[in-house]
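See structure below.
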């Protein structure tokens, strides 16, 4: 029996590792080409092809982004509860493929778009009707469902390929997050250049058809790597366990507190599937939840009713998530700030001089290339220069903690939004100087590269903030919730997108003057006060940064009793038994 277990362990050890990365990264490239290839330039599609007003188009974009970032909670539940990460990724990729096919069809068939605008005579463009919008929204919803199953699982599935109990692979795990994000950024860079150029200069049929084909290839490549992957079995629904702890604590709310934590309920056999890497140990905060682990005369420790009695490990799972919540919430405002890149920053770029040489005009959406290039450069700098330098000062393998990394990103993001407001003042000043304030469609003779600081700063901020959040969620979340952890990351993106929609809606409504003025006019950005919006977001980011610093100072790291320590104790016990048997 022992020989069979050893053989199975050896087989598992051979699976996973760096050899699986081309298949995982290849799938990520296809997904990003498909999703980003459309969403980056979606504001142009909605205003130019479907003729939606600017504010409505911007809210449609952020609502879609918010929904797409909300669905990972469903995907994470499915993966952690019963399907496993591999099959969740595979099926979700197929759903995303169907959504992209539908989007391509909507761009090709004339009946699914309003007729082109008529030139001359002051005739307004015909806006897309309800049927055309319904088909578009159905395609976007299908894509969002696919992304919802894919996004929370691909990061954790990639990290699963490295065994954290092996000291040689443990360091590789955090490096994986950097290079995963680098690979993702590189594919976004291609989407923002090549695919956006095709959309603007060849047509939307080809512009969506190319990433749809790339997605199909990536699905095949990912499934082909099946025999090589290290696949962890699902450990049951984490949400059910969390609810059981809450119910058990409420039922025993009148029970007396236990002075000695060792008297609280422990059951290693019960928790074996959800504590492979280590057991969560008792912490002193949130003691009201400890009552779920108090053993009373009505409980049977050998066959516990989990709605009345929870183990310390399960109670600490809930405590860990509660402690993570304030750090999670701090990321929402930063996402709100970054969301403006694909809406109003793009509209700024469209109104500026985008010529690069005598024969080439930069597509507005391709300005986000600066964000991706800055992000990629920051990742390389961080991994090759910053970490080795700070490691000598701090003694940490990571160089700095992920909480410090997130905080640096928040500060850089604040500077990006602040700079965006000053650039908008200059852009409007150039429009006024050339008598173009009343002409919202005119190209202002000022270089689009005045927008470079805000794009580049956002890229640097993302390299710190987003990767720091991924590290934080994966490291601090209970191991049985490794799919749920990235879902929390996408949930913050969802909340930030919806916060952007709310902010833009409120500003548009309450900044309207009786003379028709508005901070965010629908037809002429030159008459608006977009800089006020940027500075309002900057102020929110400033207060958010102070809030984050307080939360980071108070944060308690996950209390984990490493698996290696328990294994060592078992080895010593086994050694004693062998001596006695001898």
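For all residues, glycine too, the Cβ spot is worked out from N, Cα and C.
Per TrEMBL, these features apply:
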TRANSMEM  61-83  transmembrane segment
TRANSMEM  89-112  transmembrane segment
TRANSMEM  179-198  transmembrane segment
TRANSMEM  205-229  transmembrane segment
TRANSMEM  360-382  transmembrane segment
TRANSMEM  402-423  transmembrane segment
TRANSMEM  488-512  transmembrane segment
TRANSMEM  532-550  transmembrane segment
Is the transmembrane segment (205-229) packed against any residues at least 6 beyond its ends, judged by a Cβ distance under 8 Å, and which are they? 15-16, 19-20, 22-24, 26-31, 33-34, 37-38, 41, 86, 89-90, 93-94, 96-97, 100-101, 103-104, 107-108, 157, 161, 191, 194-196, 198-199
Remote residues contacting the transmembrane segment (61-83) - C-beta distance under 8 A, at least 6 residues beyond either end: 35, 39, 42-43, 46, 91-92, 140-141, 143-145, 147-153, 234-240, 339, 342-343, 480-484, 486-487, 490-498, 500-501, 504
Distant-in-sequence neighbours of the transmembrane segment (360-382), which means Cβ under 8 A and at least six residues beyond its ends: 40-41, 43-44, 178, 181-182, 185-186, 188-189, 192-193, 196-197, 199-201, 341-342, 345-347, 349-350, 354, 448, 451-452, 455-460, 462-464, 467
Residues sitting near the transmembrane segment (488-512): Cβ under 8 Å, six or more positions beyond its termini, same chain? 55, 58-59, 62-63, 65-70, 72-73, 151-152, 324, 328-329, 331-336, 338-340, 343, 466, 469-470, 473, 477, 518-520, 529, 532-533, 536-537
